[in-house]
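Novice: What Swiss-Prot records for this protein is below:
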type     : residues                        : note
ACT_SITE : 88                              : active site, proton donor
BINDING  : 26, 58, 59, 60, 80, 81, 82, 113 : 5-amino-6-(D-ribitylamino)uracil binding site
BINDING  : 85, 86, 127                     : (2S)-2-hydroxy-3-oxobutyl phosphate binding site
């Protein structure tokens, strides 16, 4: 993990953006930290009351993200999928990630992908935004979704005014 090319951990002025956060209950220690960081990121960006819902696992994220996308301007999916001894890891990681992408494409609502796909618990802990973590994927996914929602708001506003995007 180099973090090379990662944008600065900035905030955006997202006042008025409705944010939904769907988070898995698997690997709760990791995901709970990501939820806390996502909420903190949202508040730092001016979103005071994000909707937060919990689901069983990563595979349940896309359908709940779809429902959230119908009533929110941006959605974030958070989970930690940790490799085990069987190929199940690949199936879950790919299906959940592709599902979130499909929600964004089908609804036109940005969906921040905060699904950690790690080879070990140590890798997950290093990415979940704990005080000694090297990365903060809950924060990053949230700011990315809010930033995209603002871009879409601007593009749609321009289109409604007859201006080029």
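Just so it is clear, glycine is given a Cβ too, placed from its N, Cα and C backbone atoms.
Worth saying up front: this structure is predicted, and the values here are computed from it rather than measured.
Neighbours and distances for these, please.
Specialist: The Cβ of residue 88 (active site, proton donor) has 11 neighbouring Cβ atoms from other residues within 10 Å, across all protein chains displayed.
DSSP gives residue 80 (5-amino-6-(D-ribitylamino)uracil binding site) a strand state.
In three-state terms derived from DSSP, residue 127 ((2S)-2-hydroxy-3-oxobutyl phosphate binding site) belongs to neither a helical nor a strand segment and is classed as coil.
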Novice: Could you give the maximum C-alpha to C-alpha distance in Å for the residues 26, 58, 59, 60, 80, 81, 82, 113 that bind 5-amino-6-(D-ribitylamino)uracil per the record?
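Specialist: With 26, 58, 59, 60, 80, 81, 82, 113 as the binding residues for 5-amino-6-(D-ribitylamino)uracil, the largest Cα distance is 16 Å.
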Novice: Reduced to three states, what secondary structure does DSSP give residue 86 ((2S)-2-hydroxy-3-oxobutyl phosphate binding site)?
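Specialist: Going by the DSSP assignment, residue 86 ((2S)-2-hydroxy-3-oxobutyl phosphate binding site) belongs to neither helix nor strand, so it counts as coil.
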Novice: With the (2S)-2-hydroxy-3-oxobutyl phosphate site defined by the record as 85, 86, 127, how many Å span the farthest pair of C-alpha atoms?
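Specialist: Between the outermost Cα atoms of 85, 86, 127, the distance is 23 Å.
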Novice: Could you tell me the C-alpha distance between residue 81 (5-amino-6-(D-ribitylamino)uracil binding site) and residue 88 (active site, proton donor) in angstrom, no decimals?
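Specialist: With the alpha carbons as reference points, the distance is 10 Å.
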Novice: Which three-state DSSP class does residue 60 (5-amino-6-(D-ribitylamino)uracil binding site) fall into?
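Specialist: Helix, per DSSP.
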Novice: Under a three-state reduction of DSSP output, how is residue 26 (5-amino-6-(D-ribitylamino)uracil binding site) classified: helix, strand, or coil?
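Specialist: Looking at the DSSP assignment, residue 26 (5-amino-6-(D-ribitylamino)uracil binding site) belongs to neither helix nor strand, so coil.
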